[in-house]
Each structure stands twice: as structure tokens, then as C-alpha cells.
Amino acid sequence: MKPAFRAGPVHVRVPATSANLGPGFDALGLALDLHDDLVARVVDSGLAIDVAGEGEELARDESHLVVRALRAGFEVLGGQPPGLELSCANRIPHGRGLGSSAAAIVAGLLLARALVLGGEETLSGAAVLELADRLEGHPDNVAPALLGGLTVAWRDGAAVGALRLQCDERVRPVVLVPPFQASTEAARGLLPPAVAHADAAANSGRAALLVAALTTAPQHLFAATEDRLHQAYREPAMPASIELVNALRAAGLPAVVSGAGPTVLVLARDDREVAQAVAAAPGRWRPSVLSIAPRGGHQVAAGH
Ligand SMILES: Nc1ncnc2c1ncn2[C@@H]1O[C@H](COP(=O)(O)OP(=O)(O)OP(=O)(O)O)[C@@H](O)[C@H]1O
Ligand SMILES: [Mg+2]
């Protein structure tokens, strides 16, 4: 039986996310205070998509990532609505390593769930995470996009786990966003099939230290953000980003590639480090001082 749909529009807000954070490859992620706002409504027929901000150039049809996630959500919830109107106010830049695809997927799933009466009972938070992971291909961005804060995500066979941790309040993320994109697929294609045991061992230690540094001991963030598994291999796809990470690290700042790049993330700890990171942004790169978003994707009450 087809599900019953809500008559009015629903509004969800989803944060940008930065994955990996250096050595936490495919596992660690941080939700950032930069959001996409999406409103969807069930209508009698057709598909109408309105986009303002980032992604205005994308095709407004069934290939739109938010629509694909909405469709996947409705499928699990019992069936498709007769027609759909979607309106996106996008602030997360695309193809920059700030989790725009995860935000689009999480937004679509949360919208579908909110548009179906009783959707929350049918589709649990864990089920949304698993669907989002399947659509995105990896869990490191969708976990913080759903849960907010700092997250550790992992796969266990077909199941996905995610744990939300409280990030130390002294941590002040600064993102340096270049004017060009890099594709996640291309950046992944540069990774070798195997790495030296010494590199794997070093990364395991740093990833463990990173969780401690981000939650209670930010004085160790510099050592904790050293990566040997992915960043250097990706240099051909983003030489300017790796050069900037190296320059920032040479100045003592905990800098990493954000997600699959090319954005650079600095986990600053005080005003001086924030100012140093902002001043390091080359020519047309845009620096943003962000806070950590405590909430993941959520429904916004009407009138907000
Ligand atoms: N809000 C959105 N609406 C529709 N499509 C989107 C949206 N956000 C992302 N996409 C799709 O996802 C693509 C970007 O995904 P990609 O994974 O390469 O980059 P990212 O998610 O911004 O960065 P990263 O995954 O490294 O954090 C866009 O080119 C577009 O096709
Ligand atoms: Mg992505």
C-alpha cells in the first residue's frame, strides 16, 4: 500500500562536513556551520526543482542528487508521491571537499521521511545512515551530516556504525576554499592498492591520537593531523592544495586536505592561529572561519 503523504511543505537544514581530518581516512568527520536549506512538498504531478546558490547549473530532473535520495527514501517508505516540488538554497560549495554530496543525500532522505506520515517510525536514524552510506559510497561525510559534531564512522559488513563525539571547544576550523573543483572519484583513483606497513602503523597511531586531540588534548593536534595514507598520493590532482598544507604545517599549524580536496582545513586553536590560517589563503582562495555545527541534518519548524 502506498504511504500517506503530508499535505504541507517540509524544510530541512544540513551542514557541510569535512572528512578524513588527516589520518582518519574514510572514518573521521566534522560538521561545519555552513548549511544548505531545502524545502520539499508533495504535489499532484510532475517534478519541479528550484535552486539558488551553489549548483544552479545542475540538471533539474531525476538525475539531481537530492531527488535521487528522495526517490530512494520514498522507495523504502513504501512508494513514490504523485508529484514533487523541491526548492534548494545551497551554501556548501560543490566538488571542494566540504561534503556537498553527503549534504544533498542526507537532505533528500530526511525530506522523504518527513513527507511521509509516520515516516520516523518506519525509517530509523540507523536506517537513514545506512541508506545515505549506500548512496554516497562511504560513511565519513554522511555520519557528521546526520549527527553533527565530530564523528567516527565504520562499516561492518553491510551495516554502518557511527559514533558522535564532543569536540573540544578550543578547536576553531578554518577552511581555505580554492576557486576550482576536484572530483572525489579522480582523487580516489590516485591511491595505491597497498601501502608500507610502517606507513599503516604510523597512521593508526596518529588517528588514535587525533581522536584524543580533538576531544580533550588540542595541544597535540599538529602531530595528530600527520597523514601518510592519502594526502601525498593525491598531489597530482591538487598540487596547490598540498603545497598550501605543507606551507601551513611548516609554520606549525595543524593543516590537512578537507575530504577529497581541494579545500584545505586548518584546525586552529586560538585567535593567532585563526589569523595565520586566514592570511595564508592564496590569491583567489576564499578563507572562512567556521564553528563546529553541533546538530546534524534536521527539520526546521515552519516559519523559521
Ligand atoms: N546540493 C546538491 N544538489 C544536487 N547535486 C549535488 C548537490 N551537492 C552535490 N551534488 C552533486 O555532487 C557533486 C559533488 O560531489 P563530490 O563528492 O565530488 O564533492 P563534494 O561532496 O562537494 O566534496 P567531498 O565529497 O570531497 O567532501 C556535484 O557535482 C553534484 O553532482
Ligand atoms: Mg562528496
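Cβ coordinates are placed from backbone N, Cα and C, and glycine is handled just like the others.
Whatever TrEMBL says is automated annotation, not expert-curated.
Copied over from TrEMBL, here are the features:
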type: BINDING; residues: P93, H94, G95, R96, G97, L98, G99, S100, S101, A102, A103; note: ATP binding site
type: DOMAIN; residues: 65-149; note: domain 'GHMP kinase N-terminal'
type: DOMAIN; residues: 222-281; note: domain 'GHMP kinase C-terminal'
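Ligand 2 lies under 6 Å from the Cβ of S101, out of the binding-site residues P93, G97, S101, A103. Listed binding-site residues: P93, G95, G97, G99. The one with the lowest count of other Cβ atoms within 10 Å of its Cβ is G95. Neighbour counts were taken as the number of other C-beta atoms within 10 angstroms of each residue's C-beta; across the binding-site residues S101, A103, the minimum falls on S101. Secondary structure of the domain 'GHMP kinase N-terminal' (65-149) per DSSP (helix as H, G, I; strand as E, B; remaining residues coil): 51 helix, 9 strand, 25 coil.
Using the Cβ center of P93, H94, G95, R96, G97, L98, G99, S100, S101, A102, A103 for ATP, the list of other same-chain residues with Cβ within 8 Å runs, in sequence order, A16, I92, G259. According to DSSP, the secondary structure content of the domain 'GHMP kinase C-terminal' (222-281) in residues is 30 helix, 8 strand, 22 coil.
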